[in-house]
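A.B. asks: Structure below; questions to follow.
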Amino acid sequence: MSEEEKNMGSKPPVSKNEELTVTIEDLTYQGMGVAKIDHYPLFIENALPTEKVKVHVLKTSKNYGFAKVVERLTTSEERVEVTENHYLQTGIAPLQHLNYEAQLEFKRNQISELLKKVHLENIKVAPTIGMNEPYHYRNKAQVPVRLVNGKIETGFFKKNSHVFVPLEDFLIQDKRIDEVIKEVRDILREFNIEAYDERKHSGVIRHIMVRRGYYTHEVMVVLVTRSKRLPMQKQIVEAIQKKCPDVCSIIQNVNQASTNVILGKQNKLLAGRKQIKDQLNGITFNISPQSFYQVNPVQTERLYQAVAEGTNLTGKETVIDAYCGIGTISLTLATKAAKVYGVEIVPEAVVDAKLNAAANGIENTQFETGTAEEWMQKWEEQGIKPDVLVVDPPRKGLAESLIESAVKMNPDKIVYVSCNPATLVRDLQLFLGKGYTIEQPIQPVDQFPQTTHVESVALLQRTDS
Ligand SMILES: C[S@@+](CC[C@H](N)C(=O)[O-])C[C@H]1O[C@@H](n2cnc3c(N)ncnc32)[C@H](O)[C@@H]1O
């Protein structure tokens, strides 16, 4: 039994409001410092391994507690001095205080540690591919709009609270997106448009969403409203077009539900086009408001290059791209394959994927709307035999049923693109038990600098191939 397990159930060795001096031993996957008092973990924001800190205990439970730094007594060599605490407090940039080299290592290490836990330390993890400029990279922003001191503001909420922090520089968003948000906010102020009030479920504007093409510079503005009607619609649209000539799509999205989900189902095109365009590795993509599109274009090109290297296509292969979004991976691979099948659950994204294939003159793709689980089974029953399967699931990873269909289809290679190392390692174990092996290091690619998110690519190969 470990010391932690022995302590479980006994009274915590610290109590709320106590002040004590501790040394940080570790960093959690959420970027919090960990200090141990008699093996009892205290989680502390803005504290890095090796640092000695005086802390105030905020909360204790049976097995762990939370504390905040009162004074930092020693400073880690890996610390970046942060003058603006908002990005840590709102969770926009929970690793902002850790230097970038150390962030990249933190991400690589997360995957290695998870592999070690399940005795797969023989699988290597390559150094994380990082960015030269790890700020202002996001091509999409979804910013809440609230009334603060009688004024409409855009910003973010402090973590786990209803405290709203107005912001103008969002640190990790494309700078032009920040400017457009400010312009739109000012226009909403000018026309006295009401901000959403979540307690009363009243008001008009809930969020401003902005997307910008990295290569095309085309901008989409989505005004997410609680009400079906957008007062002063014509004037607002004209003002946005006048102030921001790069905006080529203005959409109203209606979300009447009391929910944290940002977008509702209904889009009304107010001006311009329903989609904006962007490019990745020389291929043009149309992007609708609801469609998933990787948020870091510079790193996405590197991510997709890692996928393409893993597949090592010769032009003869049949490929399945499960969880294909708007077909970005499918179309990247289609020029090097005989046929690519894609499946995606969001209908708008499938419309985009088909449009994208046509717009790029790519004729060897077939996109289906539905769940990857159901379509993998259908394709398996239809006798489709992929040489390569690419999976790029959401954080929850793969369903066991999909893994079963995949194994029955017996592809030579499975390229697993993951945004969650925990589910990646869980799923890899299942494939390893079913005739697949991993010979090449897993490749992390830093899609989300300053945050704790970890993206990586793993290549599974059939043992008898
Ligand atoms: C991480 S994204 C990857 C998209 C695409 N490969 C890319 O790089 O842009 C995952 C995608 O899976 C879709 N999705 C989620 N659950 C799904 C399911 N059960 N079946 C098919 N697609 C699903 C999401 O809508 C999203 O587009």
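Cβ atoms are placed via backbone N, Cα and C, with glycine included.
From TrEMBL, for reference:
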type	residues	note
DOMAIN	13-71	domain 'TRAM'
BINDING	Gln294, Tyr323, Glu344, Asp392	S-adenosyl-L-methionine binding site
ACT_SITE	Cys419	active site, nucleophile
ACT_SITE	Cys419	active site
A.B. asks: For the binding-site residues listed here (Tyr323, Asp392), which one has the lowest count of neighbouring CB atoms within 10 Å of its own CB?
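C.D. replies: Checked Tyr323, Asp392; of these binding-site residues, fewest Cβ neighbours within 10 Å: Tyr323.
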A.B. asks: For the S-adenosyl-L-methionine site (Gln294, Tyr323, Glu344, Asp392), what does the 8 A shell look like? I mean other same-chain residues with CB within 8 A of the CB centroid.
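C.D. replies: Not counting the recorded site residues, we get Phe292, Asp321, Cys324, Gly325, Thr328, Ile329, Pro393, Val417.
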A.B. asks: Using a 10 Å radius around each Cβ and all protein chains in view, which of these recorded positions has the most neighbours: Gln294, Glu344, Cys419?
C.D. replies: Glu344
A.B. asks: Pull the DSSP breakdown for the domain 'TRAM' (13-71) and write it out as helix, strand, coil residue counts.
C.D. replies: 0 helix, 33 strand, 26 coil
A.B. asks: Do you know offhand how many angstrom separate Glu344 (S-adenosyl-L-methionine binding site) and Cys419 (active site, nucleophile) by C-alpha?
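C.D. replies: Taking the Cα atoms only, Glu344 (S-adenosyl-L-methionine binding site) lies 17 Å from Cys419 (active site, nucleophile).
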A.B. asks: To the nearest whole angstrom, what is the C-alpha distance linking Tyr323 (S-adenosyl-L-methionine binding site) and Cys419 (active site, nucleophile)?
C.D. replies: 13
A.B. asks: To the nearest whole angstrom, state the Cα distance for the pair Cys419 (active site, nucleophile) and Gln294 (S-adenosyl-L-methionine binding site).
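C.D. replies: If we compare the Cα positions of Cys419 (active site, nucleophile) and Gln294 (S-adenosyl-L-methionine binding site), the gap is 11 Å.
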A.B. asks: Going by DSSP, is Asp392 (S-adenosyl-L-methionine binding site) part of a helix, a strand, or coil?
C.D. replies: coil
